[in-house]
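Novice: Pulled the feature table from TrEMBL, pasting it below:
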{"type": "DOMAIN", "residues": "42-333", "note": "domain 'Amino acid transporter transmembrane'"}
{"type": "TRANSMEM", "residues": "45-64", "note": "transmembrane segment"}
{"type": "TRANSMEM", "residues": "71-92", "note": "transmembrane segment"}
{"type": "TRANSMEM", "residues": "121-144", "note": "transmembrane segment"}
{"type": "TRANSMEM", "residues": "165-182", "note": "transmembrane segment"}
{"type": "TRANSMEM", "residues": "188-207", "note": "transmembrane segment"}
{"type": "TRANSMEM", "residues": "228-247", "note": "transmembrane segment"}
{"type": "TRANSMEM", "residues": "276-301", "note": "transmembrane segment"}
{"type": "TRANSMEM", "residues": "313-333", "note": "transmembrane segment"}
């Protein structure tokens, strides 16, 4: 930046403004090159597919039959479909907003919040919510990974001595000491791809094994709660379970940030193509598990449909192992913000 001209005359305001803008762009480029989200912007459209599947389809899908039991057939199916449509629509909005300002990419949620609410207020509104969500997600994934690993151990080695859940949680956590050293978001694309395949696999095992078991004797589909108040509370529990299952938008801006963008070919094109494919996979995972699980067990289904299954043992053990592998990938993708 010029301090003064050679003849002692200060630079014109236009030159000062231009120099300041150049300095800002250079500083932003240095930051982008350092951050793991934006240091590599060469992702393909199919990266968007499996990153979104990994972020969205979690162990919450196994609780959908239980949520259906709290809601009943009519409201349950309606909420499932509406949630699929609403979350797809809101995800489309995020994809469009990523580059709504010419020459600017909103790579992280707090940047979009600052644009909407101001530099300071945007941080105060967005960052605390992000922290709450990410801490909660990490805790859920840690516990889920440990529980599934423990269940796999019990089924695969039924004569072995029991091991405390806390040890399995630590075993699960140890894998992330290695994976967390990968340099950027694109470097975990292989892990995310495996996790997406695992989510589709254990969902398929869950509903096919349930369907093979057949509708149980004396199955009931009415509300289990004996009072109006408990029925209402159970209804809201079911809504929360479905909302949790569809909660996968916390990294959509970061996923799109890894896709290259030019004025003639903005990132929203390949990003949206991947999102559409991802939502087809989501539907293939969610709807069969929810409807078949509730149809077979009725309101006696447990909060994890795999726990309602006793046989075949090999299928249940495999599904739990797939859950572990999926949650390892989800843990790496979801807290990337």
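Yeah, the Cβs are placed from backbone N, Cα and C, and that goes for glycine too.
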Novice: Pairs of Cβ atoms less than 8 Å apart decide it: which stretch in 45-64, 121-144, 188-207, 228-247, 276-301 has the most with the transmembrane segment (313-333)?
Specialist: 188-207
Novice: For the transmembrane segment (228-247), what are the same-chain contacts with Cβ under 8 Å, counting residues 6+ beyond its ends?
Specialist: 56, 58, 60-61, 63-64, 66-71, 75-76, 79-80, 83-84, 87, 286, 303
